[in-house]
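Participant: I grabbed these lines from TrEMBL:
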BINDING   G15, S16, G17, K18, G19, T20, R126, V135, Y136, T199  ribonucleoside 5'-triphosphate binding site
BINDING   S36, R41, L62, L63, V64, G89, F90, P91, R92, Q96, R170  AMP binding site
DOMAIN    126-161  domain 'Adenylate kinase active site lid'
REGION    35-64  region 'NMPbind'
REGION    125-162  region 'LID'
Amino acid sequence: MASKLLRAVILGPPGSGKGTVCQRIAQNFGLQHLSSGHFLRENIKANTEVGAMAKQYIGRGLLVPDRVITRLMMSELENRRSQHWLLDGFPRTLVQAEALDRICELDLVITLNIPFETLKDRLSRRWIHPPSGRVYNLDFNPPHVHGIDDVTGEPLVQQEDDKPEAVAARLRQYKDVAKPVIELYKSRGVLHQFSGTETNNIWPYVYTLFSNKITPVESKEAY
């Protein structure tokens with residue numbers, strides 16, 4: 001098994017189960033799960049310069065621009081040079097992918113292809129706890145008490161863009177932006193695509209792929 005540090009990225013539309021797959025990869029292989037959404041929330045909470053810039057866009061319902069998210073992620077990656085990591089939510093665009101190219105070479109990029117109807121159903125059943133970013137699904141990951149966050153007891157909300165009428169536009173937007181990023185990694189021979197409607201059915205294939213690159217923390221696949 002190669003001793004070099006593993007650099008991996010996961011791509012997938014909203015509702016694709018990316019968060020669950022990331023947790024399992026992190027737990028089974030000891031990779032640091034680096035989520036751009038998590039870092040954004042932390043920086044906004046700490047009122048850093050980047051956080052304040054990002055907050056202005058998010059407050060107006062706009063996407064955080066490439067230059068802001070790239071600056072944030074570059075500084076986070078700079079602090080993790082000696083760790084295996086898995087990026088989630090970055091790079092989203094070709095500009096971000098090119099910025100990432102300047103600091104490292106990726107070993108693995110996985111993309112989750114989930115049918116539109118499945119995504120629509122999942123998102124319409126999704127509720128979140130905005131301060132922490134915790135996500136619940138009423139079908140397979142419901143809160144202990146309906147509408148209440150398990151950890152803090154605070155109310156959960158359904159995001160406007162998870163409501164059925166907004167989902168189609170959101171998925172179209174993801175496809176348009178992600179397509180050139182996917183093509184780029186495909187042309188380099190590092191892209192691995194996984195299709196299906198159930199995360200549990202996709203997971204064994206993801207586990208096998210990572211096992212060929214890095215030794216699992218434990219030898220069991222049970223998680």
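Each Cβ is built from the backbone N, Cα and C atoms, and glycine gets one as well.
Give me the lay of the land around each of these features.
Facilitator: Using a 10 Å Cβ-Cβ cutoff, Y136 (ribonucleoside 5'-triphosphate binding site) registers 21 neighbours.
Other Cβ atoms within 10 Å of the Cβ of F90 (AMP binding site), summed over all protein chains shown, number 24.
Across the domain 'Adenylate kinase active site lid' (126-161), mean pLDDT in this model comes to 89.
Same-chain residues lying 6+ beyond the ends of the region 'LID' (125-162) with a Cβ under 8 Å from its Cβ atoms: 14-15, 19, 35, 37-38, 41, 170.
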Participant: By a simple count of other Cβ atoms within 10 Å, which of G15, G17, G19, the binding-site residues in the record, is least packed?
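Facilitator: With the binding-site residues G15, G17, G19, fewest surrounding Cβ atoms within 10 Å: G19.
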Participant: Could you state the whole-number distance in Å separating the C-alpha atoms of G19 (ribonucleoside 5'-triphosphate binding site) and L62 (AMP binding site)?
Facilitator: 22
Participant: Spatially, and counting Cα to Cα, which of the binding-site residues is closest to V64 (AMP binding site)? Options: G15, G17, R126, Y136.
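Facilitator: With Cα distances computed to V64 (AMP binding site), the winner among G15, G17, R126, Y136 is G15.
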Participant: Have a look at the binding-site residues (L62, V64) and report the one with the fewest Cβ neighbours inside 10 Å.
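Facilitator: Ranked by other Cβ atoms within 10 Å, the binding-site residues L62, V64 bottom out at L62.
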Participant: Considering Cα atoms only, can you say which of S36, L62, F90 is the nearest neighbour of Y136 (ribonucleoside 5'-triphosphate binding site) among these binding-site residues?
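Facilitator: Answer for the nearest of the binding-site residues: S36.
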